[in-house]
């Protein structure tokens, strides 16, 4: 990019002298791993030099002054302004000397300095190498160049991002394979379901779509801290701890003009059902299109996936993480109470709960604010889902995963809450008809299962539970729990007695949505005497947050359990009962409560979460995946039910492949009928991409399918010339 400005406009002098500046966007953006975003403007990563070429009639290469500024009221003391020259680079303030509003002590605003050196020169031009310090504030910079009577000024010249390739940057990630996965990969996988049946869905992060970087910077400008004090906020943007906490706030709309509005009550009038989303790009574009009003609606995996897009775009390594049997410990005493009545899960007044799964992100960064060594460096939990307030606003983290593992619940930020999510003890109570409560189970093992993220370089699932907690039931795990409890409450937890009857619910075969679900209850006595039991079984359709949406089936019976024996009871939950209630709900909770017919009335509990498998959605791609070469995709869904499906539609998305979302019209499908969507497209960006298809209807909601498309450069056509006389 070359720009001509007269010195009258740039420097306010009467004698206009032309200066041209070539920002070398293709070379610089490629060197800085930002060429996927654009080649039309300069986007660099801090801590690495970039090249400029300046030319003018009276240019003095030994005396070129450059000034860069970001944010309002830019100044050297805040680290938002720097003036330096080819003859005498001006150092910034000493590290740690400048004030800043960022949580954490490093990097200090303005620590390090910009510099420039001359790489080549002639009487009228010079090649410059400009270095942005590894602790520079991220964001959009203006740039002014002067040499004698020549000058040029650019309001929106350079965008600076974090640099995980730079060892001095606080987001430095040593592994190139991990940088490719956690910074450069625009596609990913989000895990859902339940711990015994983990499902996955493809997600289009799309962080390098050309408008996303500006949307992310707009998000920073609208955050409450910036609105309150823009100068301090821009100064604090050198710090990934601060930035990640701000983004956690801005993804939800509870305190500000955030991106997404959450909704969990099953009513989605006026918005999009959360299960329908499969792309951050569409959400972020809607937010910016409608004057930054919140997009309706999101739930935890949507909040997390959008935050992953923003952090990767800004240069902070990020991955999406799913925790199964995730506790929501509102009072942060590391205990979660669950209430049952004889018909199953009982709605409750307090907000403690165990979600089937919960999704957050991890960002990679150093934590010098917590330790002088690297004790808490590395992955940090960040959760944009608005659950509990942190320092008065709805955000969570960054909480060091290493602190969670060690039970260091007195470490910032929000470690007690995250520790509770993965390792709280669950206490189950039976609520009697008169309202009294009876403790029937204390469970130290079920919370925090199969903590999952996408593996590096493949579509397989990586289990990272051991990064959050030691093996359940181990001496180390209990010791860490005791340490965490002591740091939070000052108390040591008590042990619960082992019940004399063990109960377990299991499936006969994988449950298919649209069919009856066959199960069995196994009761095992560890008593020396026969036991007469009153047995009540129930099935409830549940929201994934652990709250019941509808009671769909129940059964009562009396049994006699012989001493030291095992008894099996088969039972069926019919589709006619659960089908109409599933829709946007996550699973079916089947529970059994057995009560002894004795004066003690000892009570035993078994429960199982079931996610019925969805029918198949077929997605096929035809053609050679070459840039700007024509390809086609076809999505097909067949109605497997003996009854019609209403309001059936198919959508198709894919960053780097489709410029816009493709959608079919809504139709009704009779039994065995199919809906098809055929799309012609030309891939417009190189590298691994992903097409994501979605089928929606009034019965089966938002079934997903995806196909990987690795786009290669097109080979120039071979031209044959025939010379004839």
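Cβ from N, Cα, C; glycine included.
Copied from TrEMBL, the annotated features are:
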| type | residues | note |
| --- | --- | --- |
| REGION | 72-116 | region 'Disordered' |
| COMPBIAS | 97-116 | compositional bias 'Low complexity' |
| DOMAIN | 292-386 | domain 'Transglutaminase-like' |
| ACT_SITE | 300 | active site |
| ACT_SITE | 358 | active site |
| ACT_SITE | 383 | active site |
| BINDING | 423, 425, 472, 477 | Ca(2+) binding site |
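Sequence features annotated in TrEMBL and their locations in the structure.
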residue	record	Cβ contacts under 8 Å, 6 or more apart
300	active site	355, 358, 359, 360, 385
383	active site	248, 303, 304, 360, 361, 395, 396, 397, 414, 418
423	Ca(2+) binding site	334, 404, 447, 448, 468, 469, 477, 480, 481, 484
472	Ca(2+) binding site	444, 445
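Other than 423, 425, 472, 477, the residues of this chain whose Cβ falls within 8 Å of the Cβ centroid of the Ca(2+) site are, in sequence order, 444, 445, 447, 448, 469, 473, 478, 481.
Counting residues per DSSP class in helix, strand and coil order gives 15 helix, 42 strand, 38 coil for the domain 'Transglutaminase-like' (292-386).
A simple way to gauge crowding: the CB of residue 477 (Ca(2+) binding site) has 17 other CB atoms within 10 angstroms, across all the protein chains here. Candidate recorded positions: 358, 425. Fewest other C-beta atoms within 10 angstroms, 425.
For the domain 'Transglutaminase-like' (292-386), the model's pLDDT averages out at 90.
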